[in-house]
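Student: Here it is, the structure, as structure tokens.
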Amino acid sequence: MNCSKSTVLRAAARAAASAAGPAPARRSIFTATAAASSSSACTAARFTRPAAARAAPTVTQKRFVQTLDFGGSKETVWERSDFPKEKLAKIFANDTFAVLGYGTQGYAQSLNLRDNGLKVIVGVRKGGHSWEAAKKDGWVEGKTLFTIEEAADKGTVLMYLLSDAGQKQGWNTIKPYVKKGKTLYFSHGFSIVFHEQTGVVPPKDVDVILAAPKGSGATVRSLFLEGRGINSSVAIYQDASGQARERAFAMGVAIGSGYLYETTFEKEVHSDLVGERGILMGAIQGAFAAQYDVLRAKGHSPSEAYNETVEEATQSLYPLIAKNGMDWMYANCSTTARRGALDWAPKFYSATKPVFEELYARVEDGSETARSLEENSRPDYRERLEEELREIRESEMWRAGKTVRGLRPENQK
Ligand SMILES: NC(=O)c1ccc[n+]([C@@H]2O[C@H](COP(=O)([O-])OP(=O)(O)OC[C@H]3O[C@@H](n4cnc5c(N)ncnc54)[C@H](OP(=O)(O)O)[C@@H]3O)[C@@H](O)[C@H]2O)c1
């Protein structure tokens, strides 16, 4: 895209200057969390964990939940400031959080809960990758680190954070510990909504709730440590105690969220599966590759094709769109770029909408979850995955990308 860079820079500087103006009397609900939204699908992030745990940020209760206008629709949102640490301590005074699974979410949520002063134990398979990772993070065998069964027995809030395929495989082991008065917690609607495929059907006398961070566990942790918070959705599937709703929102904050919006288990899983297959990862890789291949077929160098497809998008335009919105982006690029983008956006809309409709239908009818369970339950799923990732990594476009990234001044020693 041929945006005038000086125009963009000047406008960005103006936006930054106006954002730095006098502090508003009351904090906008968006300021603390606007940058927090990201893919809900990144699992590789455990390798980029923030190194050290710091003290949890102090949060003072400012006010109660508010209803805001989201593009013309009114929605109620909850914020971290609605549940300061003292309030969390009261709500969960008699609870032990048993975090079952220590992938990227188990890691982040358990540490954030612990730093929020709550009683937390971790349950994972002994000797596995997660067992070692949990020990490295300070969980102590026999005190705060247990097998899945032991932790499920001791916990009052069972946080079912195994992989979604693992939740199906582990359900018969967990089920005897899901007893009256306990809370069963998820970060995805998958197992419950597609219970015909997973077999996960909780007893009626437990609360069943969900808090689903809209981003990788690494971001859940790093934003928390920065005193910010990820955006998460919250849902209640069963309210046996009559307190499930308050406890669900409180948990959303306790695990490190900045703001929370309400959904249902069904809507959460449908939107999440569409998002990660669509614009968050699947569609973007497909569209990047299609444009790159057309440019290459027309004789453009890999360097040019990559810069016009990925680098300019991720380094310049997407951060500006995240910060200021698409109308601002259109208003702050060259007149040539603006005219073309305005003309071509409807064509891309028409071309991709049927694909998104097909995707939603496959999510809704359970085809996508069935495929995910089948593929991710194979004993050799890691090897098969690595083969697919190797193909992407070794494609010309992403090899060119590696060279381009290496040329960024900050990546040169
Ligand atoms: N990843 C995200 O960014 C994200 C975002 C929002 C919500 N969620 C949801 O959060 C939940 C957890 O996801 P995650 O990404 O943190 O975890 P994950 O990487 O998908 O799962 C890893 C954990 O599951 C355990 N596990 C897998 N199969 C198992 C089995 N058969 N028996 C026992 N343990 C098993 C692993 O233990 P071992 O190390 O011993 O194999 C590990 O502790 C899922 O419901 C996911 O959809 C994820």
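Glycine is treated like the rest: Cβ placed from N, Cα and C.
In case it's useful when we look at the structure, here is the feature table from TrEMBL:
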type	residues	note
DOMAIN	74-263	domain 'KARI N-terminal Rossmann'
DOMAIN	264-411	domain 'KARI C-terminal knotted'
BINDING	Asp272, Glu276	Mg(2+) 1 binding site
BINDING	Asp272, Glu308, Glu312	Mg(2+) 2 binding site
BINDING	Ser334	substrate binding site
Student: Is it possible to list how many residues within the domain 'KARI C-terminal knotted' (264-411) are helical, extended or coil according to DSSP?
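Tutor: In the domain 'KARI C-terminal knotted' (264-411), the DSSP-based counts are 126 helix, 0 strand, 22 coil.
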Student: Using the structure shown, find which entry in Asp272, Glu312 (the binding-site residues) has the sparsest Cβ neighbourhood within 10 Å.
Tutor: Glu312
Student: Please give me the CB contact count at 10 A for the residue listed as 'substrate binding site', counting all chains in the structure.
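Tutor: Other Cβ atoms found within 10 Å: 15.
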Student: Between the residue listed as 'substrate binding site' and Glu312 (Mg(2+) 2 binding site), what C-alpha distance do you get in Å?
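Tutor: Approximately 15 Å lies between the Cα of the residue listed as 'substrate binding site' and that of Glu312 (Mg(2+) 2 binding site).
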Student: Give the distance between the Cα atoms of Glu276 (Mg(2+) 1 binding site) and Glu312 (Mg(2+) 2 binding site), rounded to the nearest whole Å.
Tutor: 22
Student: Rounded to a whole angstrom, what is the C-alpha distance between Asp272 (Mg(2+) 1 binding site) and Glu308 (Mg(2+) 2 binding site)?
Tutor: 29
